[in-house]
Amino acid sequence: MGIKGLTKLLADNAPKAMKEQKFESYFGRRIAVDASMSIYQFLIVVGRTGMETLTNEAGEVTSHLQGMFNRTIRLLEAGIKPVYVFDGKPPDLKKQELAKRYSKREDATKELTEAVEEGDKDAIEKFSKRTVKVTKQHNEECKRLLRLMGVPVVEAPCEAEAECAALCINDMVYAVASEDMDSLTFGAPRFLRHLMDPSSKKIPVMEFEVAKVLEELELTMDQFIDLCILSGCDYCDSIKGIGGQTALKLIRQHGSIESILENINKDRYQIPEDWPYQEARRLFKEPNVTLDIPELKWNAPDEEGLVQFLVKENGFNQDRVTKAIEKIKFAKNKSSQGRLESFFKPVVSTSVPLKRKDTSEKPTKAVANKKTKGAGGKKK
C-alpha cells in the first residue's frame, strides 16, 4: 500500500518538491530499485489478456522475467545503472497488513470464479489482476536473471524500501525508484516514480526531493513521519475519518501524534485500540538495514547463461534474446563514459512545478536524521 494518498497530498501542498524528468536525465546515475514492486507491476501488465499470461512450456508464468529483462535493458540503454533491492523478512508489525492483502486476494479469487462462470470479460480482467502475488520463486528467478545480465542485486534484511533509502542516504546510489512512497518516509533524499512503469505509454519520471518536501510542508522529518502514519501506512491502522489533508492540518497545529491524541475530539474521531503508532514510527526512524554489501558492479552479461535460462528453460525466442544481449553489451560500453558529457551538455528538466496557494508563513527547513547499520558507502 505504501503511504495512502501521499502523492496527491504532495501535489496539492508541496508542488515545488516534485518535478517531471526525462528518462535520459539519469544517465550515469546509480538508482536503487524496489524489485518486488517492479515484479508485481510486470506480473499485472506484461503479456496479460484477461486470465491469460506469458508462460513457458511447463505452464509457469514468465511475465516477470519478460518485464524485468526488457525494462532493465531500457535502463541500461539510457545509461542508468540500476541496483535491484529485494525484500527480506517483513517486520512483525506488518503481519496485519499482509493478512489484509491475503484476505483481499481470497475475495478476488471468488469474484474471479463468478466472473468466469458469467463470461464477464471486464470483471475477469479486473479480478485476475487482484489475485496476483509475488512469490519467492518469482524473486529468485529475477535475481538469477539480473545476475546473468551483470546487474547488481541487494538482498535487504527486512524492507526493500528502507534498504533503498539507506543506500541513497549513504551516497551509494543517487535516488530510489518505486511506486510506493515509503522510501520518502524512510528519508531517501531523492525518490523516483514511474521509472519502472511497464506500460507502453511514455510516462515521465516524477522526482521528489525529501528536503524540499519538508520545506514546502513546513515540517521536520519527525513530523513528516507522523503525518505518514496518520495518513495510513503498512504498519498500523490510521484514525478513521482522518485523511492526508486533515492529518497535515493536525500535525502543523499540534506537532506530533502524542499532542494530537491529547487534543483531538474523541467523539468525532475513533482512535484504534492499542494503536502501535510509536512502534511504526520507530520502524521508519530506525529500520533494519545493512550497508555491509559487496561492491556494486555492473558486469558484462553471461551470454551462455542467459540463453540457457531464457531460451532453453523458459521458451524465450532465441533471436530476440541474442539481439537483447547485444543491446546490453553496447549499453555497457556507452555507460562506461560516465557522466563526463554533463560538463558540456547538461540535461535540464523542462517541467514547471504546479502552482500552489501563497502562504505568509516562513517555511522551516529540516534534514532527515536516519540510523542505519553498517559503514559508509561508495561515491554514487
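Every residue, even glycine, has its Cβ placed from backbone N, Cα and C.
Looking up the ranges 291-299, 309-317, 336-344 in Swiss-Prot, the one annotated as region 'Interaction with PCNA' turns out to be 336-344.
Mg(2+) 2 binding, as stated in Swiss-Prot, involves ASP180, ASP182; the candidate among ASP222, ASP226, ASP234 given for that site is ASP234. Binding of Mg(2+) 1 is annotated in Swiss-Prot for ASP87, GLU159, GLU161; the matching candidate from ASP12, ASP34, ASP237 at the same site is ASP34.
The binding-site residues listed here (ASP87, GLU159, ASP182) include ASP182 as those with a Cα within 10 A of the Cα of ASP234 (DNA binding site). Listed in sequence order, the residues of the same chain lying 6 or more apart from GLU161 (Mg(2+) 1 binding site) and placing their CB within less than 8 Å of its CB are ASP34, VAL176, SER178, ASP180, ASP182, SER183, PHE186. Applying DSSP to the region 'I-domain' (123-254) sorts its residues as follows: 66 helix, 16 strand, 50 coil. Spatially close to ARG71 (DNA binding site) yet at least six residues away along the chain are SER38, PHE42, MET196, PRO198, judged by Cβ distances under 8 angstroms.
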